[in-house]
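> Under the heading active site, proton donor, TrEMBL lists Glu26. Sequence annotations record features per position, and here TrEMBL assigns active site, nucleophile to Lys160. Taken from TrEMBL, the feature substrate binding site applies to Lys87, Val107, Ser141, Ala142, Asp143. Sequence annotations record features per position, and here TrEMBL assigns Mn(2+) binding site to Asp139.
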Amino acid sequence: MLEKYLQVHPEVQKAIAAGEPVVALESTIISHGMPYPKNIEMAKNVSRIIRENGAVPATIAIIDGVLKVGLTEEEIEFLGTSKDVVKASRRDLPFIISKKLTGATTVATTMILANLAGVKVFATGGIGGVHRGAQETFDISADLQELANTDVAVICAGAKSILDIGLTLEYLETNGVPVIGFGTDEMPAFYTRRSGFGVDYRVESSMEVATALKAKWDLDLKGGMVIGNPIPEEFEMDYDTITNAIESALKEAEEKNIAGKKVTPFLLDRVKTITAGKSLESNIELVYNNAKVAAQIAKDLSDISK
Ligand code: PSU
Ligand code: MN
């Protein structure tokens, strides 16, 4: 049944079947999160970093209606250059399939497809969350609901302050999603290492994360886990610079009435322009850092699951 929809790359399939470490990667970051050609360069480097750290990369997307776990370099290039790629969240999946469209997967959809294929560890930049002003707009990313329900660990650099980090943490708490600080007591704020908000647990090693994940899923405590891995110091942005850029981007989004799925890509693009590309450099570096940690977690999880 599943084979009708899902195509797992042979290398990824082999690794999954053998219980070897695999790391899932999302594709919205390629098509809607970063401009060409940096997006493609980033996607290829991330895959290389995962390999160098002993795991198999599986970039996830939907091509012509087929759910793909593990893309070829040509497919990554296609996603990074084509203008007709739909940003695909959970609600979009059925129609992207029936209309044979090409879709880039958000954190939510990447989790769904990774889980269908049997991949349990996923590296990205940042998760979606509760947007500032959500009390009025109801803008809460479907990523959070997916974390509540789908058994995949997400290694990220925290949540950006385009979001309301405090409310995002509250939402995750309500839904029983553990939020972990990798070598930190604070939820990282994506471009900066600190947010002022504490995490539930601080861990110092990938094995600690793997052991907790195994316990969670052994006990059928459904849902994912957020592993907040702070951006390396040398790539961190100046707090005032990024805060001002985010404030102006948010104001502009409001003036232009940007809503729905367009909000996050709009804000990311504006922040990039306002910071003269500096935010993009930070964004790329933190993804690399997350890929490395995710590969280590996947390796440890594979070791203790055999
Ligand atoms: N944060 C980033 N870059 C991104 C995204 C978030 O720094 O590209 C993407 C991810 O795919 C995430 C999605 O799942 O935006 C969230 O979108 P929304 O807020 O519409 O749920
Ligand atoms: Mn939204």
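Including glycine, each Cβ sits where the backbone N, Cα and C put it.
Because the structure is a prediction, the values reported are computed rather than measured.
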> Roughly how many angstrom lie between the C-alpha atoms of Asp143 (substrate binding site) and Glu26 (active site, proton donor)?
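Answer for this pair: 12 Å between alpha carbons.
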> What is the one among the binding-site residues Val107, Ala142 whose Cβ has the most other Cβ atoms less than or equal to 10 Å away?
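When each Cβ's neighbours within 10 Å are tallied, Val107 tops the list.
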> For the C-alpha pair, I'd like the distance in angstrom between Ala142 (substrate binding site) and the residue listed as 'active site, nucleophile', rounded off.
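One finds 16 Å between the Cα atoms of these residues.
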> Please check each of the binding-site residues Lys87, Asp139, Ser141 and report the ones with a CB atom less than 6 Å from an atom of ligand 1, ordered along the sequence.
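Those binding-site residues that pass the cut-off, since their Cβ is under 6 Å from ligand 1, are Ser141.
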> Of Lys87, Val107, Asp139, Ser141, Lys160, which recorded positions come within 10 Å of Glu26 (active site, proton donor), going by C-alpha to C-alpha distance?
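Passing the 10 Å Cα cut: Val107.
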> Among Lys87, Val107, Ser141, Ala142, Asp143, recorded substrate binders, what is the largest CA to CA distance in Å?
13
> Among the recorded positions Lys87, Asp139, Ser141, Lys160, name every one whose Cβ is found under 6 angstroms from ligand 2, counting any of its atoms.
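Once distances to ligand 2 are taken from each Cβ, Asp139, Ser141 fall under 6 Å.
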> What residues, ordered by sequence, lie under 8 A Cβ-to-Cβ from Ser141 (substrate binding site) and sit at least six positions away in the same chain?
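Result: Thr106, Val107, Ala108, Ile127, Gly128, Gly129, Val130, His131, Thr264.
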> So what sits near Lys160 (active site, nucleophile) in its own chain, CB-to-CB under 8 Å and at least six residues off in sequence?
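Sequence-distant Cβ neighbours: Gly126, Ala189, Phe190, Tyr191, Ile246.
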> Which residue, out of the binding-site residues Asp139, Asp143, shows the minimum number of other Cβ atoms inside 10 Å of its Cβ in this structure?
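Lowest Cβ count within 10 Å among the binding-site residues (Asp139, Asp143) is Asp139.
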> What kind of secondary structure is the residue listed as 'Mn(2+) binding site' part of, going by DSSP in three states?
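Going by the DSSP assignment, the residue listed as 'Mn(2+) binding site' belongs to neither helix nor strand, so it counts as coil.
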